[in-house]
Amino acid sequence: MASSGIEAEEDPLLGDRTPGNREWDIIETEEHYKSRWISIRILYLTMFFSSVGFSIVIMSIWPYLQKIDQTADASFLGWVIASFSLGQMVASPIFGLWSNYRPRKEPLTVSIFISVAANCLYAYVHVPASHNKYYMLVARGLVGFGAGNVAVIRSYIAGATSLQERTSSMANTSACQALGFILGPVFQTCFALIGEKGVTWDTIKLQINMYTAPVLLGAFLGVLNIILILILLREHRVDDSGRQCKNVNFEEASTDEVQVPQGNIDQVAVVATNVLFFVVLFIFALFETIVTPLTMDMYAWTREQAVLYDGVILAALGVEAVIIFMGIKLLAKKIGERAILLGGLIVVWVGFFILLPWGNQFPKIQWEDLHNNSIPNTTFGEIIITLWKSPREDHNEGPTGCPIEQAWCFYTPMIHLAQFLTSAVLIGIGYPSCNVMSYTLYSKILGPKPQGVYMGWLTASGSAARILGPVFISQLYTSWGPRWAFSLVCGIVVLTILLLVAVYKRLVAFSVRHRRIEE
């Protein structure tokens, strides 16, 4: 009998399960069972590290980009952030195809090694004499290319779990991914205390500061991940009832074929869930992207302050998300996944509606071009954040406030700090709820049939969202300001809510739809 810890691992994130119902114990040895779940847990960790690799520098990309290359603007920031997902979109089918014919260790190890090398490149983007912003673009794109192993992770977990385990395993994978996106900035916040100057290793021209330390940590975690995969990951494949099947590098298993269940998948529900998942990731990607430029413009924060304060805010949202993940299991049993998804979208809409600027106070303007870089030390924007001031503020960072190149700075009211914090809390509630619910509903809609192709579509929709979200918000924010940007986001969420209402009755589990079990 497996240990109680392993039994707890099996418990689904969502849905019911009869205690002690382990019918596959008869057809699976304890040794195989433990090895299978150790491998799955290693891939949970790999998914988490991949997500952290995306978000760990979100708060510092913009100030670091401004520091290393003065020609970079907010529009280019969108492309730098989107390059991660573009690389992931390109790499996912490549690694997925590779894993179909070779042991999964190969594409996983190679992909993580690419991410480690890319993180090291990011730490050296300040060295070239020119075109530094393009080196950063390449580095982030390669980190995303390495993150293409998400397709391998999902296909492995789908093939290594029985029907009874699959939905909970996929939901747990989604939870690890979402948690990585949210908690990545926590690590960035810790390194913000190092400051912009940090320390320099002259021999290898390595600067260890608040911008490079996070990626160096990412590289270390990648090396650790490779070691764990090489030592602990084993090839496993089971059929719908949990019986071992023949697989690459696993010849001892039974070769019994999985029976294809009767009934068609509801393609309307599949497409609708992909759209819902796209919007959920689109919204959070654009929110993470715009936080730093928005706070620097509205509150005249320096680069160092923006990294520290925004990191603290997102760290708090990470704690909030953990609480959401803990409570959502009980809530789903009472009201269902669809209701939570609908409620989460409504909460997100309220969050962005609150973020709309109003009032008669305006942000501080950067007058560096007109005043020859001489600005007063005491300004209205600084008075607002007096309690937030860093005692070791670097006054050589340059002018602060809303750049005069953004015409909307002169006529758009500022977003009050209370507005921003309230909005962040609400979005922090809605995003993890919607993320887990959409992914779980998708798994249940697909049912017992092989999910590899469909999961590929879901990965592609998520990657597209993380490409388009940063580009959309950075272009719109730079040209038209927060009022137009957040108004359009509110409109997108409203359309998404209407879509969910329209397909609400179709978002049911495969077995429920074909009346094999009662809902």
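Here the Cβ of each residue, glycine as well, is placed from N, Cα and C on the backbone.
Any TrEMBL annotation is an automated prediction that lacks curation.
Under the heading domain 'Major facilitator superfamily (MFS) profile', TrEMBL lists 39-508. Here TrEMBL flags 42-64, 76-96, 108-125, 137-157, 178-195, 215-233, 268-287, 307-328, 340-359, 420-442, 454-478, 484-504 as transmembrane segment.
Per-residue pLDDT, averaged along the domain 'Major facilitator superfamily (MFS) profile' (39-508), amounts to 79 for this model.
Contact between the transmembrane segment (420-442) and the transmembrane segment (484-504) is not supported, since fewer than 3 Cβ pairs fall under 8 Å when only residues 6 or more apart in sequence are counted. Taking every recorded stretch in 42-64, 215-233, 340-359 and counting its Cβ pairs under 8 Å to the transmembrane segment (307-328), the highest total belongs to 42-64.
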